[in-house]
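Notes follow once the structure below has been shown.
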Amino acid sequence: MASSSLPNLVPLGPESLRPFTRASLAAIERRALEEEARLQRNKQMEIQETERNARSDLEAGKNLPLIYGDPPPEVIGIPLEDLDPYYSNKKTFIVLNKGKAIFRFSATPALYMLSPFSIIRRSAIKVLIHSLFSMFIMITILPNCVVMTMSDPPPWPIHVENTFTGINTFESLIKMLARGFCIDDFTFLRDPWNWLDFSVIMMAYLTEFVDLGNISALRTFRVLRALKTITVIPGLKTIVGALIQSVKKLSDVMILTVFCLSVFALVGLQLFMGNLRQKCVRWPQPFNDTNTTWYGNDTWYSNDTWNSNDTWSSNDMWNSHESMASNYTFDWDAYINDEGNFYFLEGAKDALLCGNSSDAGHCPEGYKCIKTGRNPNYGYTSHDTFSWAFLALFRLMIQDYWENLFQLTLRAAGKTYMIFFVVIIFLGSFYLINLILAVVTMAYAEQNEATLAEDQEKEEEFQQMMEKFQKQQEELEKAKADQALEGGEAGGDPAHSKDCNGSLDTSPGEKGPPRQSCSADSGVSDAMEELEEAHQKCPPWWYKCAHKVLIWNCCTPWVKFKNIIHLIVMDPFVDLGITICIVLNTLFMAMEHYPMTEHFDKVLTVGNLVFTGIFTAEMVLKLIALDPYEYFQQGWNVFDSIIVTLSWVELGLVNVKGLSVLRSFRLVRSLKLAKSWPTLNMFIRIIGNSGGGLGNLTLVLAIIVVNFSVVGMQLFGKNYKECVCKNASDCALPRWKMCDFFHSFLIVLRILCGEWIEPMWGFMEVAGQAMFLTVLLMVMVNGNLVDLDLFLALLLNPLNSDNLSASDEDGEMNNLQISSWPIKLGICFANAFLLGLLHGKILSPKDIMLSLGDPGEAGEAGEAEESAPEDEKKEPPPEDDDKDLKKDNHILNHMGLVDGTPTSIELDHLNFINNPYLTIHVPIASEESDLEMPTEEETDTFSEPEDGKKPLQPLDGNSSVCSTADYKPPEEDPEEQAEENPEGEQPEECFTEACVQRFPCLSVDISQGRGKMWWTLRRACFKIVEHHWFKTFNSSLILLNSGTLAFEDIYIEQRRVIRTILEYADKVFTYIFIMEMLLKWVAYGFKVYFTNAWCWLDFLIVDVSIISLVANWLGYSELGPIKSLRTLRALRPLRALSRFEGMRVVVNALLGAIPSIMNVLLVCLIFWVIFSIMGVNLFAAKIYYFINTTTSERFDISGVNNKSECESLIHTGQVRWLNVKVNYDNVGLGYLSLLQVATFKGWMDIMYSAVDSREQEEQPQYEVNIYMYLYFVIFIIFGSFFTINSLIRLIIVNFNQQKKKLGGKDIFMTEEQKKYYNAMKKLGSKKPQKPIPRPQNKIQGMVYDFVTKQVFDITIMILICLNMVTMMVETDDQSQLKVDILYNINMVFIIVFTGECVLKMFALRQNYFTVGWNIFDFVVVILSIVGLALSDLIQKYFVSPTLFRVIRLARIGRVLRLIRGAKGIRTLLFALMMSLPALFNIGLLLILVMFIYSIFGMSNFAYVKKESGIDDMFNFETFGNSIICLFEITTSAGWDGLLNPILNSGPPDCDPTLENPGTSVRGDCGNPSIGICFFCSYIIISFLIVVNMYIAIILENFNVATEESSDPLGEDDFEIFFEKWEKFGPDATQFIDYSRLSDFVDTLQEPLRIAKPNKIKLITLDLPMVPGDKIHCLDILFALTKEVLGDSGEMDALKETMEEKFMAANPSKVSYEPITTTLKRKQEEVCAIKIQRAYRRHLLQRSVKQASYMYRHSQDGSGDGAPEKEGLIANTMSKMYGRENGNSGVQNKGEERGSTGDAGPTMGLTPINPSDSALPPSPPPGLPLHPGVKESLV
């Protein structure tokens, strides 16, 4: 019965769970034999069948699906037959535990002894599957982990360790007994997770019983036990499996990344080898002998004549002067290696670097730049060998503390080499790192889709089962009713009408099995109940109890009182009031600062008490109104109650020390704003989701962090204590160490945050390089991969992924929106009234209501006003009005902006007043709608206005009228605008209609008189401003004008001529731009000009120039306001935005995203305010310290404990009570601190101060408050990780939304059409090339054959790689012997490559230069020879010869020719090529932003004090230096160091009266407020917006590139086709002989190849043939393409398109008319053969008749009745067998001969086999006959 209705489903319930018996095993063996026989039979018959896969829902570890019902107790824990059909012929069985989890085992004997029926094995299985067993193992793992985290364990943990080892051994033994060891499937070692157990146990016994010397490393393996949590906790294995899959996908990116890094490292090695050892060394003091003074007079020393191109690196100079100081010995090497002679900056660990080029760093007076000592950072930062260069480049690509490497390199090598870093950052860091992101994204997306598909399948199955249950229940009820009816009619005993004891009754006339009545009824009911209960959160008794206790309806007065309270509390205005209170409460808490007056402190305390009272009252009233049962059903109410309770607890414990942190819980209340703020709501849901749905991934990350923390502590803890003096002169342990678990945990977290290079230097000093690098790499790869996956899971989570500002799911307005509606109405009313006054009309309230339209639109739709069109305004019947109202609201609430076009429809509100049933539609902006976009029909229905009511469209803010690049009249459609020619347009009206109505004199008649002259003038001006010459001239002037700003640096006062030129140029530019503005006013009119954003920008910038000009004339140029106004000149380059298409596109995209970006930024600010206020509570006034101003040393806490003790010493003048510059004394500075922590720049100082803090106004103490590290850890996770990644998510989603709105034509194509279209698009641009002809000369021909062989190319590639290897082995301090050897090897390579070049030129002659790669090789060879031959000359007079060595590296580019075979890498490079145009546009915008900010920086921060990050090279003094600084900050690197000096606002930090030589500007103080705004805005614009647009574009293009590469046919397939074609068609005629077609298609590569034998296949392709039996390449390619992609209806259209493209690409193609096709040709041949055969048969029959007649005639002599009296046969037969031949024997022979067909040749016919008379010839053996062909041939 169960399976009859749904035969495709497995039998229901417990009946499908059958015990596994010996009979079951025998049945499996029988099925296995049958399957083997069947497969053998299929193999012989060449029948292919699809592979069956195991069912995913019946995998081991998953729960038994619901369709099997609740398994009875007797089948729990015993072997059962496998439910999965896949295993029906495999020796497996399953066991279920009480939790219905499936365990699968092998049915073969375990350990060769224990069969599935053995008592020992069954017992082991019962233990293994028991939930308590896994619980016990989990409980043992946790204490084991705790013991391992002890840094100095007592002796007793050794016994604990042995206990854990014993438990693990017992677990493994149980598994082996239950499963078997390793031979079959599902045995112990077949599970990779068990390898972990096995290795841990083996290591434990090894260390216990075998003496292995230093076993600390082996003991570290014990930490792997913690990974067992992954095997025990359900779901974690799946997550780890998915992670491993994503690693597999990364192989191609990793190869490309390593290749690029190697090339960049080689470039770095050649450019900067040894540079970072150049230091400033004090020049030796003068010394005399008795006769000679040899210091001061010698020109080689004088500072004036010091040759800056020489580095002092030897003692040759001293030797040359030995005779002058014969009595004095001087050890030069010892002197220059003595660190005491190096120049150190204050507080620096390494000596100051310097360089010998003009733009490198220079030494102070008395010091010289000499190459000596070790490299910076313990000697680990250098380019001296390939390995260190590779590490440096890896660090640069990861962007970890790269500003340090950047500054060191530029100081040593020169600022010109900034170009090197720009290339690495943009190509390596932004592109390759984001490619890794893109690949993992795809892997995650695929995995997500698979999971969703599986869930969908389960859901469908569940629905199917529910339907089946319901159907069965209905049938049973019907049957019972029928039975009852029959029983009643028969008057029978009702007790006998049904049997409740499970007996079966069969309906009369029904065949088949008897039907179960009562037991089936109860079974179905139980199943239904079980399915329903599965969806309930709590057990049923809980609901009964809750209804009694938690619902308060005791008496009628109480219920009435409750209803009144409900009415008040649930009012939207109360909600609004509470929201305002939350905002005010947050503001009150944010007003705390230091120092704060006592009165202000009291005000804040009272305010907080009031707010606590308000929120308590709200909670109590809601409890009364809703009852606790309803109240606690809502998450927000639970949240409220927790916060209120904690507030009261905090008030009670206010004086308890250390519990002030409880105040922080009140801050969380501001998150309640999420209730009415969708973006904040989404943000909180994302975070909640990471703890819920993504909890497993978070747990895996936590396990990895804990594991590596313990590993680090075990491996390196002892080293730190023993080798601490290597790192610190005072032998004190550093802050970052692995001596205990907490510090080790912090270091692992720091590495995961991307800060690994600084800890690495210290660790390599104490722990050795190899060991730490291994651990570090493992932490980075494992941790960052999980981290990245977690990030992507958040980023790509389906939760609101397409809808960032979605409101509640039901689409209804929330209480805040409802309550704010009247307020918005009031504001609109006031606006309309004021506008009426301006227009000279006093409007009545009714008129204002009419003019307003729908007030909801102002609040909800923003830019677009939408309401119901006239044709919808029909009066619905009263009884349906509520339903219609709901329906209409539901549809129109979700209309939004359709296709990005704002619709505007006027609503006649009089109709609404007269018709109360008319629906008011409150639209919601598109980004707030939860529904999909309406279809075209819906759009037409709801948003198409009547013709007469279409309003005048305002000018699109994205178009640039002012730029004159894309000016169109405003009322036209965008499509029409794009198509029309702007030259033929007419100017618009000058003024708006309102202005003309107000001032009638503005209306001019343009048909006559002055009006006509005015119109003519306007048209002339219009033509001028629209002319492309005017635009070009204008753009050039803007660029020149912007360029002049770059010269206004600190040296402008000294360059009088340049200054004068700039002043005159500024005036000229101002006049020209005023003229341009006036021209545009006349041409466009005020209406158009002032309704365009770009024109407003122009207008404001020109205004600033005019004001500056007037102020100069009047002599007020030195006034403060005028000076600050001049700063705004930095905005001039913004005018270039509207002139350059590429930048404008990017800006338009950004402008479209700005509302959403601002929304999320605001959310981030709300989220950060919690941490900022918390920081103020925790650290305000606690991070001051006492310092000695002369030595900059801090006083110890034992000497000076607090501020009062400090103040008693301040009178000495050499000490100071100092605060950290970036601190938590108020919320604003707290925000700045958090920004530094979030960007990981400057955060160490903030964190150290916080951790050392004690109480207010007390001296800090080293790590006294160590757990304050957790504040920063929590902020980094929630404040930095989530907020910044949400912003990235927003930008990517917004980018995709805009792309959808402005989507291309692809949207209207099917997937199949896209494939065809892409294949044709690639194919169309190709054409067969004429190959280079082989020379006639014999020797040249031989060389030609040699150089065109593939082996020759591969050999050259190998030599190129070997050449790279020889360059890699170069080091800085290599011996002379090594130098000579490498020189000779390089010489050999140059000879080889020159030889290759010469040979190719000899063989290919002038054709050599027709190939791009050959020209590339030629240039490299020439430069290599020039560099070798003229190195001395070049070094002396021109550039460094290292540049020529770098040019040799260009040869490695040839290796890229080999990547045709590497499809994955080709896809990545293809994605880069596709991204380049968009990335170029973003790069332009970034350059513009950098330019503006560098000008602004020069004008504001040029003279700040040189300290921290600002020094003699990195500053804002010149334009070049500013650009270098801003490039650094683009990745948020080093901005804290640049900001610190700008925060100096007065003495003693800086001197406001300091004179700056060469200028009139005084002082070296900064402006903190301007500095903070400058850096924060730049970081947000560049780092968060522009850089993340890079990510969006790369993700998008990588997806496109992957789609392209996954197409069956790619560009390379077509390239290979034409390459092969060149060999078969050497004359490039585009035709091939039909006879050569078979060979040609056989030489192609898959998928286009048709392997031999292919004759019949080619015939079926039906290829057109032209005279001469030739076939065109296009026809062949098209046929092969169709063969690969399959046939479809669009093929003909696509073929035409392809031919058009090919004709365009191949103008030489001769038009041809095919005369036949290959199929027709074959059919013609077959027909000819058939006709021949038929005719032969006919002749044969006649010949036989004639022969018979002749035989008879020879016997009886009768001559009558001859069949052939005359003709060919008669004559021939007569000649051969006539009477003249004599006797009959001859005739007999003739008959025999004739009968066998030998007469044929004599009659001029081909001999034929009689068997051929019926059928055409068979194909050769081995060639299958194509069925279609066979039919046509026969």
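Note that Cβ sites are derived from N, Cα and C of the backbone, with glycine treated the same way.
For 151-157 (among others), the entry in Swiss-Prot reads topological domain 'Extracellular'. Assigned with DSSP, the residues of the topological domain 'Extracellular' (151-157) fall into helix, strand and coil as follows: 1 helix, 0 strand, 6 coil.
Annotation source Swiss-Prot lists topological domain 'Cytoplasmic' at 234-252 (among others), citing a curator's inference. Regional average pLDDT for the topological domain 'Cytoplasmic' (234-252) in the model is 76.
Marked as topological domain 'Cytoplasmic' by Swiss-Prot on the basis of a curator's inference: 439-572 (among others).
A Cβ distance under 8 Å defines the sequence-distant neighbours of the topological domain 'Extracellular' (592-602), meaning residues of its chain 6+ beyond its ends; these are 1173, 1176-1177, 1180-1181, 1225-1227, 1256. Taken from Swiss-Prot, the feature topological domain 'Extracellular' applies to 592-602 (among others).
What Swiss-Prot records for 762-772 (among others) is topological domain 'Extracellular', and it gives a curator's inference as the kind of evidence. Tertiary proximity for the topological domain 'Extracellular' (762-772) is limited to same-chain residues at least six positions away from its ends with a CB under 8 Å from its CB atoms, namely 378, 380, 715-716, 719-720, 722-724, 726-727, 734, 736, 738.
What Swiss-Prot lists as topological domain 'Cytoplasmic' is 792-1029 (among others).
According to Swiss-Prot, the feature compositional bias 'Basic and acidic residues' maps to 870-886.
Residues annotated as topological domain 'Extracellular' in Swiss-Prot: 1113-1120 (among others).
Positions annotated as topological domain 'Cytoplasmic' by Swiss-Prot: 1140-1156 (among others).
The topological domain 'Extracellular' annotation in Swiss-Prot covers 1177-1227 (among others).
Remark: secondary structure over the topological domain 'Extracellular' (1250-1266) totals 4 helix, 1 strand, 12 coil, with classes taken from DSSP. Taken from Swiss-Prot, the feature topological domain 'Extracellular' covers 1250-1266 (among others).
What Swiss-Prot lists as topological domain 'Cytoplasmic' is 1289-1351 (among others).
The repeat 'IV' feature in Swiss-Prot is assigned to 1332-1630; the stated evidence is a curator's inference.
According to Swiss-Prot, the topological domain 'Extracellular' annotation covers 1542-1571 (among others), on the basis of a curator's inference.
The annotation domain 'IQ' is assigned in Swiss-Prot to 1724-1753.
Using DSSP to sort the residues of the topological domain 'Cytoplasmic' (1140-1156) gives these counts of helix, strand and coil: 16 helix, 0 strand, 1 coil. Within the chain, the topological domain 'Extracellular' (151-157) has long-range Cβ neighbours (under 8 A, six or more residues past its boundaries) at 713, 717, 739-741. Using a Cβ-Cβ cut-off under 8 Å and counting only residues 6 or more beyond its ends in the same chain, the topological domain 'Cytoplasmic' (234-252) has close neighbours at 61, 193, 436, 439-440, 442-444, 447, 696-697, 699-700, 785-786, 789, 1462, 1464-1465, 1467-1468.
Here the topological domain 'Extracellular' (1250-1266) has Cβ contacts under 8 Å with residues 594, 735, 742, 1178-1186, 1195, 1197, 1200-1204, 1206, 1224, 1272 of the same chain, all six or more residues outside its ends.
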